[in-house]
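S.K.: Input: one structure, supplied below.
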Amino acid sequence: MSALGAVIALLLWGQLFAVDSGNDVTDIADDGCPKPPEIANGYVEHLVRYQCKKYYRLRTEGDGVYTLNNEKQWTNKAVGDKLPECEAVCGKPKNPANPVQRILGGHLDAKGSFPWQAKMVSRHNLTTGATLINEQWLLTTAKNLFLNHSENATAKDIAPTLTLYVGKNQLVEIEKVVLYPNYSQVDIGLIKLKDKVPVNERVMPICLPSKDYAEVGRVGYVSGWGRNANFKFTDHLKYVMLPVADQYQCVKHYEGSTVPEKKTPKSPVGQQPILNEHTFCAGMSKYQEDTCYGDAGSAFAVHDLEEDTWYAAGILSFDKSCGVAEYGVYVKATSIQDWVQKTIAEN
């Protein structure tokens, strides 16, 4: 079991460990703990229940309850002597975001509203975003990873040049970077940390969805460390509430798509985004609020009211709209879900 998700064993009758051998109860631990009274035509069964620390949950087929058998082994009815594991809770921020906040020159993130938001600093001190998806892995864009690197750079070249912060400026070490196989069309990369991060109210992964939340009109929240209304990088995490836009209108607005993304005078911002079946667009809010340079890599976070859980519907790829163009562009989480799971399992 991971030290970060260490279980707490709660024992019936304090620290008593005993086994019923016919009519005799044999102590195997704490002599200072009294035996429970015996009853006629019955016997004492001693149990242990595993529970997880706050912000973790049991990952097991059983119920976490183990009994001591005649061989002095603790076993669970469902999983035998296999011990349960504690995994990090995802998508349950302590202080969920409130409506109508903004990234471009607006209100600050409340403590713990976006605990999955990470700040990544690339070579030459450029700030970008990344999104924590479990205790040891983050999603960001391939373009973020390649900032100030040549197109011939490898993942091994890139990893040592990055600096990453989670929570309240908690520096974490990067073990490796993994790029999506076709990252020129699907602008995504994964970052693996050297160690798992302890999960708490300031550091918590967002959940990846099993269904597509990028429906036209659905509202999501995007947090970020990118440039503000004065085009200066902010020292404080900010966020904005944006609606998913009609894809056809988005493509029409940018007059098409380029793969990979490139500069063009046709675009309202002088640069053409990647637009395909793996992307969706989000428009500006009714207050003309928007994302901007440096926000890429952040999640388009949606709140599933029925589950009371926050999911990453997508990852911001094109962050150059900055209130000038009408749409930001995001990579769909459902398009990369299988690759993410496979990559994490293999690494």
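Count begins at 1; order follows the chain as displayed.
Including glycine, each Cβ sits where the backbone N, Cα and C put it.
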S.K.: Could you tell me which of the ranges 19-24, 223-228, 259-264 is annotated in Swiss-Prot as region 'Interaction with CD163'?
M.R.: 259-264
S.K.: Under 8 Å Cβ-Cβ from CYS250 (disulfide bond), six or more apart in the same chain: what's there?
M.R.: LEU275, CYS281, GLU326, TYR327, VAL329
S.K.: What are the helix, strand and coil residue counts for the domain 'Sushi' (31-88) according to DSSP?
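M.R.: Each residue of the domain 'Sushi' (31-88) counted once, the result is 0 helix, 22 strand, 36 coil.
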S.K.: Counting Cβ atoms within 10 Å of each candidate's own Cβ, which of the disulfide-bonded residues CYS52, CYS86, CYS281, CYS292 comes out highest?
M.R.: CYS281
S.K.: State the three-class DSSP label for CYS250 (disulfide bond), counting H, G and I as helix, E and B as strand, and everything else as coil.
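M.R.: SS state of CYS250 (disulfide bond) = helix.
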